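Colleague: Questions regarding the structure given below will be posed in turn.
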Amino acid sequence: MESAKRVLVYLTKENSLLQCAKFAQGITGHYSANNGDKAFIHCGLEKNQFVISDCQFLGSARVQLQRPSFCPIKNLSPRQSASLPQEIQGRGVDVGVAVLVQSINKKVLLTRRSKSLNIFPNVWVPPGGHVELGEQLLEAGLRELQEETGLRLQEVSWSMLGLWESAFPPLLSRGLPSRHHIVTYLLVQTNETHQQMQERLCPDEREVSACVWLDTEIAKHIVAAEDSGSPCGPLPASISVLELIHGSLSQSDRSMATFLNSAPKEGEDIERISTGTKYALSLWLDGMPTNSSPCA
């Protein structure tokens, strides 16, 4: 079976027996009051199973789990759920890992997914992917980082920022879900500046079409626009990005508006920062020292 080759999500609540999460099961709603969109949970990787629990267990981390209000899994009707193909219903819930690399000068790296990818094409996300059997979360994240960007990090410190429940397509208006993930966002801090790491960037053009380093001020605008519908204070007109053109990185300017886009409710997707990435940026900012920024 395909599921035997993947690390899947397993659930336990109120000391119940550990069970493999079902594809059409809302994970966040399972642990939140009144089927809400956020919950604090305990989680950890055990024997190739990603365990989520409402109780602490050996080696677990306590973090926030969240999903968007428009989550397709949450909004599936019983009839829609029953109409899912059997191979989809039997998939379970996959585990993804995404690495928010922070330089010593407080910038984080995002990559734009290639337009040729089937899932979330042309969307800005941190480097990441699936956890393979036998891997630990950090090990999987650093492997994906190297495969996608060419960056190989040696001495790092890290922590788990939070979990995000993700489905694709991201809205029911674009079709029934065919993928369901719990994405584990890891903050990986290095002792290098972003310029030092940028010199070693060598993205795989099959997966990545551009890279950008975001500082805290830009991140605050992005998060504020997602939360309130408008950025906090004056905005730069553009952001400098590194576009991958014919195998080489070239610096160019990208409109700031692109990074404030939200997922359209209907029609084709657009270039934007993924909703889960905005959530991860908000958690990153929450952990930063308070300053006098107008967005603080």
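Each residue, glycine too, has its Cβ placed from N, Cα and C.
Computed from a predicted structure; not experimentally measured.
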Colleague: What range among 129-150, 173-194 does Swiss-Prot record as motif 'Nudix box'?
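Modeller: So the range that Swiss-Prot calls motif 'Nudix box' is 129-150.
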Colleague: Over the span of the domain 'Nudix hydrolase' (90-236), count residues by DSSP class, listing helix, strand and coil in order.
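Modeller: Grouping H, G, I as helix and E, B as strand yields 34 helix, 53 strand, 60 coil.
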Colleague: Give the number of CB atoms, excluding that of Glu144 (Mg(2+) binding site) itself, located within 10 Å of its CB.
Modeller: 22
Colleague: Looking only at the domain 'Nudix hydrolase' (90-236), what is the mean pLDDT?
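Modeller: A mean pLDDT of 94 is what the model gives the domain 'Nudix hydrolase' (90-236).
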